[in-house]
Amino acid sequence: MNILIFGPNGSGKGTQGALVKKKYDLAHIESGAIFREHIGGGTELGKQAKAFIERGDLVPDDITIPMVLETLKSKGANGWLLDGFPRNMVQAQKLWDALQAEGMKLDYVIEILLPREVAKNRIMGRRLCKNDNNHPNNIFIDAIKPNGDVCRVCGGELSARSDDQDEGAIGKRHDIYYNTVDGTLAAAYFYKDLAAKGMTKYIELDGEGAIDAIKDKLLAQLS
């Protein structure tokens, strides 16, 4: 089973992706990790990408797409879930073409829907536990709201990451994601159009629900 997953920062995309990975024993591949592995490993593609990054330039698609494809082939023998790529419609088309050329199926595309303001509040509401960063605490989500100023799980001291409180940075990331013309949603909608033609399957999930409820709805649509 091969899956693409889309969702804005704050939508719970990472959480749902991890649950799907565990359920179906998929390789959970995140776009940033692809760059780090190729550059850190000194691959030819990694060297080319590094040269662009060091100049402060975007890495061209003719380098990025082969890097992504190579990782999917090497790590995704039992299936994969790709998170964080593609980020625009051009990349979506190129990735689709590359998958077709390799004879690789794209079984499902998942989009987690969440209003922009809700996504922003969720990011700004995240709190980190001093004892364990994996303890979920968010002042804007009732199910995981902390007990006052302490962790709901262990009572540990809480803090907020500085970048989670930077509304300007959050806004820039969301400007890219919610752009339906040449942003990430444009990429998602490219696959939605393919699904309408029966070429893949497109799953839309309401991201405002509880984690378990979203998971149950998602797993019910995967087969």
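Don't overthink the numbers, they just go from 1 along the chain as shown.
Including glycine, each Cβ sits where the backbone N, Cα and C put it.
Features of the protein shown, as given by Swiss-Prot:
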- Gly10, Ser11, Gly12, Lys13, Gly14, Thr15, Arg126, Gly209: ATP binding site (BINDING)
- Ser31, Arg36, Asp57, Leu58, Val59, Gly84, Phe85, Pro86, Arg87, Gln91, Arg161, Arg173: AMP binding site (BINDING)
- 30-59: region 'NMP' (REGION)
- 125-164: region 'LID' (REGION)
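Averaged across the region 'LID' (125-164), pLDDT in this predicted model comes to 92. In sequence order, Ile176, Gly183, Thr184, Ala187 are the residues of the chain that are 6 or more apart from Arg87 (AMP binding site) and have a CB within less than 8 Å of its CB. Of all the Cβ atoms in the protein chains shown, 15 others lie within 10 Å of the Cβ of Gly14 (ATP binding site). Following the DSSP three-state reduction, the secondary structure of Arg126 (ATP binding site) is strand.
According to DSSP, the region 'NMP' (30-59) comprises 22 helix, 1 strand, 7 coil. Listed binding-site residues: Ser11, Thr15, Ser31; maximum Cβ neighbour count within 10 Å falls on Ser11. When the Cα positions of Ser31, Arg36, Asp57, Leu58, Val59, Gly84, Phe85, Pro86, Arg87, Gln91, Arg161, Arg173 are compared pair by pair, the longest gap among these AMP-binding residues is 31 Å. Under 8 Å, Cβ to Cβ, and six or more positions away along its own chain, Val59 (AMP binding site) finds Phe35, Gln48, Ala49, Phe52, Ile53. Of the recorded residues, Arg161 (AMP binding site) and Gly14 (ATP binding site) place their C-alpha atoms 18 Å from one another.
Taking a C-beta cut-off of under 8 Å and a sequence gap of six or more, Gly209 (ATP binding site) has these contacts in its own chain: Lys217.
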